[in-house]
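Heads up: the structure comes next, in structure tokens.
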């Protein structure tokens, strides 16, 4: 990750920390998902100018230069060492373990295609299980994109 991006992310983290708010609390105030708020604060998503006033209201100490930076298209990247974090590793493991079955059901329900990671919503929720213990609910909500037959000069859907 380039140094400038690290500096910006650290500054954004400091603003969030000073606010005392969680990503879920900021999400409630802005109408965004909690994961999208986290993506914005990690410069993995672009802030919509129409949403900027809501974010400024939720984080009043957010300086103008950071707000402007957040409205620029980000360089979406990740540290390859991130997979070593136990939480990220387990999320990856869960997707890999269930991936073939999820793909099979997508194909059965929709046909030959994929779930978009561009037209995509993601949230994390905390619920109580039937045993009363805390459970993590991760929701992936992506637009279905069918594969298309490639015909010379025509696009057939």
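Placement of Cβ uses the backbone N, Cα and C atoms for every residue, glycine included.
Unlike curated records, TrEMBL annotations are generated automatically.
Since we're looking at a predicted model, the values are computed, not measured.
Noted in TrEMBL for the protein shown:
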ACT_SITE  90  active site
ACT_SITE  93  active site
ACT_SITE  116  active site
DOMAIN    77-150  domain 'Cyanate lyase C-terminal'
Rounded Cα separation (Å) that holds between residue 93 (active site) and residue 116 (active site): 20
Number of Cβ atoms other than its own within 10 Å, given for residue 116 (active site): 12
Cβ neighbour count (within 10 Å, all chains shown) around residue 93 (active site): 11
Whole-number Å value for how far residue 116 (active site) lies from residue 90 (active site) (Cα to Cα): 22
DSSP-assigned states of the domain 'Cyanate lyase C-terminal' (77-150) in counts, ordered helix, strand, coil: 30 helix, 31 strand, 13 coil
Other CB atoms, at most 10 A from the CB of residue 90 (active site): 11
